[in-house]
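Here the structure comes first, spelled out in structure tokens, and everything after it is commentary.
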Amino acid sequence: MALFPLALWPLLLACWTRPPESLALVRGGNRCEGLLQVQSLGQQGLVCGDHWGLGEASVICRQLGCGRALYVPTYVVWPQEAQQSLLQGVQCQGVEASLWDCSLGKWGSLNGCKCECIGAVHCSGRTGLASLGLRGGGSPCAGTPVIRITEGPVISCGLHQKEASVFCRRLGCGPALQASRPHLTGHPGWLGSKVISCQGTESSIFNCRFNLNFLDHCDLPTDSEVVCAGHTEARLVGGEHPCAGRLEVRRGLTWDTVCHADLDLATAHVVCRELQCGAAASTPEGARFGRGSGPAWTEAFRCAGNESLLFHCPRARGSQCGPGRDAGLRCTGEKFRLVNGSSSCEGRVELQVQGSWAPLCATHWDIADATVLCHQLNCGSAVAAPRGGHFGDGDAAIWPDAFHCGGTEPYLWNCPVSTLGVPACAPGNSASAVCSGGCNQGCGGGG
């Protein structure tokens, strides 16, 4: 074997004895997202992220073969990490081929340094679990914030104004009109502390600072919803129940009345579906439910009819709406059923409205109405339409609508509908039906 020149021995010895260098993203949903962990200069640990940005993240994603950098969240150090060593002072320009070409700083424990946050990176190379949205607010642009960054806990805390603004912009919902005004339960010294802290200029909430030490102390019942400028939802007011009334539409924080000329049947069906009130039964005009006191909605919705929310409908220029031309709407309720009989094809008539079942009033209920319902439930024809709570009264309040069917309509909501006055219905006077079909015919389909 040939001998190496003596001058090369120090260099070869240094290569053989130098500790290996490596990096990885850990505690994420995949290898392209998570906290940055490095092995360098003979030590291994996480990296301080106090002064991190997309420059450092771009180098890391490129080195790992994970595409471009998407987000650079930082996490306030957890107490269990306090005794561990962190690599501090990492700084990159963003053009380096690898992290080892950047300025790496030095190793140190939290007890001996001023590091506050651990750095994390999310790259584009693999689809991770990062997601965010607003839940329970009537549209994708209002509600309680829900954030998921990795396979870790879901963050469902309120947001202050700066954080809400970043959140709304990331959703494409415009600026935040209302923040959650959250507060944390627990130690009095936590007043003003935040689970999420942003400067307000970030392109995404994922680029903000997270303090998961406070995550278990969110007091959601006291948090109001976040409302973005793009929020749109509907309500019915002035009616005798939540599924009938004057149509009003909320834009951001303001409720506006809708002109009757701008409410077509497809839009009416979408409103009823959004309110969990079934389908549209009628659209009374002439301010049947009173005149609105707020501003008039200036746009017309052009719904196809299959949208789940009014928010998703296209819009066009609205009509000029004169006094007394406010739109009214009656919805049908969601489903019908027969209960408390010997089979699902006979019993007390109930309809489901906004998720709850209520008995129907029998004041104008007759054999023609019962025939339509029996056909609708695949239970044959009506044999009888007993009144006076023949199959019991039930626990819920009696629904005041009255159907006026001819007997040939395919569904009850194809019949003319009116609402009883006051009193709406005598106690115990619930409608009933006895159909010719039995359960062996597959009846009781739920409407």
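From the backbone N, Cα and C atoms, a Cβ is placed for every residue, glycine too.
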Whichever of CYS405, CYS425 is disulfide-bonded to CYS415 when TrEMBL is consulted: CYS405
Per TrEMBL, the disulfide partner of CYS313, chosen from CYS303, CYS331: CYS303
Recorded disulfide partner - CYS374, candidates CYS277, CYS435, CYS439, CYS443, source TrEMBL: CYS435
According to TrEMBL, the disulfide-paired cysteine of CYS361 among CYS321, CYS331, CYS379, CYS425: CYS425
For CYS374 (disulfide bond), the number of other Cβ atoms found within 10 Å of its own Cβ: 25
Pairwise Cα distance for CYS208 (disulfide bond)/CYS92 (disulfide bond) [Å, integer]: 19
CB within-chain contacts under 8 A for CYS313 (disulfide bond), separation at least 6: THR267, VAL270, PHE301, ARG302, CYS303, ALA304, GLU307
Candidates CYS361, CYS374, CYS425, CYS435 (disulfide-bonded residues) - the one closest to CYS405 (disulfide bond) by CA: CYS374
Residue, out of the disulfide-bonded residues CYS198, CYS405, CYS425, CYS435, whose Cβ gathers the largest set of other Cβ atoms within 10 Å: CYS435
Cβ atoms near CYS303 (disulfide bond) (within 10 Å, other residues, all chains): 21
Between CYS198 (disulfide bond) and CYS374 (disulfide bond), the C-alpha gap once rounded to whole angstrom: 59
